[in-house]
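These features come from Swiss-Prot:
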- 18-68: domain 'BPTI/Kunitz inhibitor 1' (DOMAIN)
- 18-68: disulfide bond (DISULFID)
- 27-51: disulfide bond (DISULFID)
- 29: N-linked glycosylation site (CARBOHYD)
- 43-64: disulfide bond (DISULFID)
- 72-122: domain 'BPTI/Kunitz inhibitor 2' (DOMAIN)
- 72-122: disulfide bond (DISULFID)
- 81-105: disulfide bond (DISULFID)
- 97-118: disulfide bond (DISULFID)
């Protein structure tokens, strides 16, 4: 149930919509907007037609940056509702995706349905542990080991 004065999100969490491509939309009232480019991890300018499009659309670079770029440093946030469910958030202190209890509405963007989604969004590839994988072919690979100054 919703607590008085709260409302459910009617759009996906930023972690989901920040990965959508820039969308001009069908209208022709062209204006400059910003979208989050997940490939470059930056907020970029795009031309918006003025209607529909998608939720990866911000009036200012700052709004885009606060919504999409910095989500991984936000704390876990329960939110004001009472529909408790397990979710994952990125804990920047431990550099891991951890479980937390989410109330079902509001909260913040550091909120992922799966650990894998959290890792893809927040964990830097160079701090992931080496994984051998399920196959039995032996192929040489390089591994970056942080804190070791050897070549």
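We count from 1, first residue shown onward.
Even glycines carry a Cβ here, placed using N, Cα and C.
Where Swiss-Prot records a feature, it is marked here on the structure.
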residue : record         : DSSP (3 states)
18      : disulfide bond : coil
27      : disulfide bond : coil
43      : disulfide bond : strand
64      : disulfide bond : helix
81      : disulfide bond : coil
105     : disulfide bond : coil
118     : disulfide bond : helix
To the nearest whole angstrom, state the Cα distance for the pair the residue listed as 'N-linked glycosylation site' and residue 105 (disulfide bond).
33
For residue 51 (disulfide bond), which DSSP three-state class applies?
coil
Candidate disulfide-bonded residues 51, 72, 81, 105, pick with smallest Cα gap to residue 118 (disulfide bond):
72
Between residue 18 (disulfide bond) and residue 64 (disulfide bond), what is the CA-CA distance rounded to a whole number of Å?
9
Most crowded position, judged by CB atoms within 10 A, among 43, 51, 68 as disulfide-bonded residues:
68
Residue 81 (disulfide bond) and residue 51 (disulfide bond), Cα-Cα, nearest whole angstrom:
31
Using residue 72 (disulfide bond) as the reference point, find which of the disulfide-bonded residues 27, 64, 97 has the shortest Cα-to-Cα distance to it.
97
Neighbour count, 10 Å Cβ-Cβ cut-off, for residue 27 (disulfide bond): what number do you get?
12
Nearest of the disulfide-bonded residues to residue 68 (disulfide bond) by CA-CA distance, picking from 27, 43, 81, 97, 122?
43
